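Q: Let me begin by handing over the structure; questions about it come next.
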Amino acid sequence: MPIKLYLMRHGQTQLNQAGLVQGVTDGWLNTKGIRQVQATAVDFQQRGLHFDLAFSSPSQRARQTAQIVLAAVNPDLPIQTLTQLSEVNFGNYESQLESDLAADLLHKLEFKPQKLQIFIQQNGWSKTLELILDTLSDLDQTAENYQMVISRLQVAMQMMIHQASRQSVQQVLIVAHGLSLLVLLSILDNSVILPQQGLDNASVSQVDYEDGIYQVVSINNTRLQQ
């Protein structure tokens, strides 16, 4: 039987709502974010999901998301925090306008949005995210580059799969962040088609693991959110 991994992005925060970059900058969910997570928890309940393990980034917004979900479906299940699941460190772009960061990246790459779309189609998401993160690091050397991000995410996956396999469990909740989850999905399956606008707050993507092979089953599910 495969191990089913449910990769969930945290609910909306005040910085998300304001269109500001939020990587290592911490913060709680706002009112809308709490409602989003509660809706996802209801979705889990209606599907009869019962998690055997739960992992979270150590950030407040991720842990709060995991707590809301588990209170609804697995109130006695402990949350294990892994620093390797943290969001990308955006360096001096933290708390700056997302639109300014996007503009700086496109300018540095000498890309227009249409050219970026063509690059994605020709090279896949893994190479695209590598280009974006390495360009971010070129713009600001205090930010993480691609190799730094994938190295820690790969460690996180190894740790979680090892524990799930050792305990013979089947359902694993993983709560993390928008960009780090995009990177993770892309390295598990570079042929996957990811949403260009990014993963929605409180969305869930399912990945199955069996015999060393990952299969992306669904991406960015927000079934019950309004």
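Note that Cβ sites are derived from N, Cα and C of the backbone, with glycine treated the same way.
Those TrEMBL annotations? Automatic predictions, nothing curated.
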Q: Return the residue out of R35, R47, R61 that TrEMBL annotates for the same substrate site as R9, H10, G11, Q12, T13, Q14, L15, N16.
A: R61
Q: Please work out the number of neighbouring Cβ atoms within 10 Å of the Cβ of T13 (substrate binding site), leaving out its own Cβ.
A: 23
Q: For H177 (site 'Transition state stabilizer') and H10 (active site, tele-phosphohistidine intermediate), what Cα-Cα distance in Å is obtained after rounding to a whole number?
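A: So the Cα of H10 (active site, tele-phosphohistidine intermediate) lies 6 Å away from that of H177 (site 'Transition state stabilizer').
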Q: Using other CB atoms within 10 angstroms as the count, which residue among the recorded positions H10, R61, H177 scores least?
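A: Each of the recorded positions H10, R61, H177 was scored by Cβ atoms within 10 Å; lowest is H177.
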Q: Please give the greatest C-alpha separation between any two of the substrate-binding residues R9, H10, G11, Q12, T13, Q14, L15, N16, R61, in angstrom, as a whole number.
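A: Taking every pair among R9, H10, G11, Q12, T13, Q14, L15, N16, R61, the longest Cα gap is 15 Å.
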Q: Write out, in the order they occur in the sequence, the residues of the chain not among R9, H10, G11, Q12, T13, Q14, L15, N16, R61 that have a C-beta within 8 Å of the mean position of the C-beta atoms of the recorded substrate site.
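A: Other same-chain residues near the substrate site: Q17, Q22, G27, L29, N30, G33, N201.
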